[in-house]
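Working notes for the structure below.
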Amino acid sequence: MFGLNHYKVKPQVSSTVWTSFVWCMCLVVFEHILRRLFKLDAVQNLSPILQSQRNTQIIARHIGTDFAAAIMCSYLGLTVKNGGLGAIWKSLKNPMDADKYKKARKGYKKRMWAYSPEGFRVFVFFFAYQFKNLWDAYVWDDGPEFIFHHTVSIVTSWSGMYPGVGQIYAVFFMGLSEISTATLVLLANFDPTLGVEGLAEAFPVTKIVCAVAFVVTFVACRNVMWPYAGWHYWKDTWEALGNPKDKKAKETEWILKRTLFVLISLTFLQFVWLGQIFVMGYQEIQKM
């Protein structure tokens, strides 16, 4: 399930579904273990806010499911040799060399269509995480925007596995970059709408630590590294779509266009969110 030995050969659909189900069940177990821990007197005595069952269930969800799943995805991306951006750089034969770069760019087929055990494994765990996310969004009535996000993520990750598109890129986009999601879901606990009202006032130092960790990881992963990886994915996609002899591109044209649209939209939104982060940060400083 976790080791690359299980992914040397592309798994059958039934195997992927079963692995995803098992990981979803693991997340359910993690969440319920935390729910039990929050019932301990030692934990509830830390603050009256933690004596509310609903409050502890919200925190358990964010940590037991969201944080655990995001950390797993980022771990799988970080521990890959030449993973993420390194794999892209290596496949392009050093983008700083114009001649080598131009020649390597024509080798987009390896990056777009080749089976990657590391990338496929990341897709599996990301897919399972988003499926659990979708269920939680429905149960907790998070709103249509979250339902939409998780649905798009499920479709995108499944397309990456079957028929298989851009698996080398999954190591970064669904793997390494999820470290920023891990810090975000911890910070979400302190949001009065998505988290627990009053938790920020009860644990102000913890909130500041989570906020700083989120800003650092978000800027590094989503505003610095993401555009680099996104640019190369965009170039490879257009190489594929512009090659009339590429049968694979013809078969997956809709997938390529849809994924590219999602990538461009998300890249744009992440810079909008960066602006919001600075505004909210300034407002928080003014309150101090």
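For all residues, glycine too, the Cβ spot is worked out from N, Cα and C.
The feature transmembrane segment is assigned by TrEMBL to 12-30 (among others). Taking Cβ pairs closer than 8 Å, the transmembrane segment (12-30) reaches residues 1, 64-65, 68-69, 124-125, 127-129, 131-132, 161-162 in its own chain, all 6 or more past its ends.
According to TrEMBL, the feature domain 'TLC' maps to 95-278.
Counting same-chain residues at least six beyond the ends of the transmembrane segment (112-131), those with a Cβ under 8 angstroms from any Cβ of the stretch are 4, 6-8, 10-11, 16, 19-21, 23-24, 27, 65, 69-70, 72-73, 76-77, 80, 83, 150, 153-154, 157-158, 160-161, 164-171, 174-175, 178, 236-237, 240, 248-249. TrEMBL lists 112-131 (among others) with the feature transmembrane segment.
Within its own chain, the transmembrane segment (168-190) has Cβ neighbours under 8 Å at 58-59, 62-63, 66-67, 70-71, 73-74, 76-78, 80, 83-85, 87-88, 91, 110-111, 114, 116, 118-120, 122-123, 126, 157, 160, 196, 199-200, 203, 206-207, 210-211, 213-214, 216-218, 220-222, 225-226, 229, 232-233, 263, counting only residues six or more beyond its boundaries. For 168-190 (among others), the entry in TrEMBL reads transmembrane segment.
What TrEMBL records for 202-225 (among others) is transmembrane segment.
The transmembrane segment annotation in TrEMBL covers 260-282 (among others). Within its own chain, the transmembrane segment (260-282) is flanked in space by residues 152, 156, 173, 211, 215, 218-219, 222-223, 226-227, 230, 233-234, 237, which lie at least six positions past its ends and keep a Cβ under 8 Å from the stretch.
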How does the model score the domain 'TLC' (95-278) in terms of mean pLDDT?
-> 91
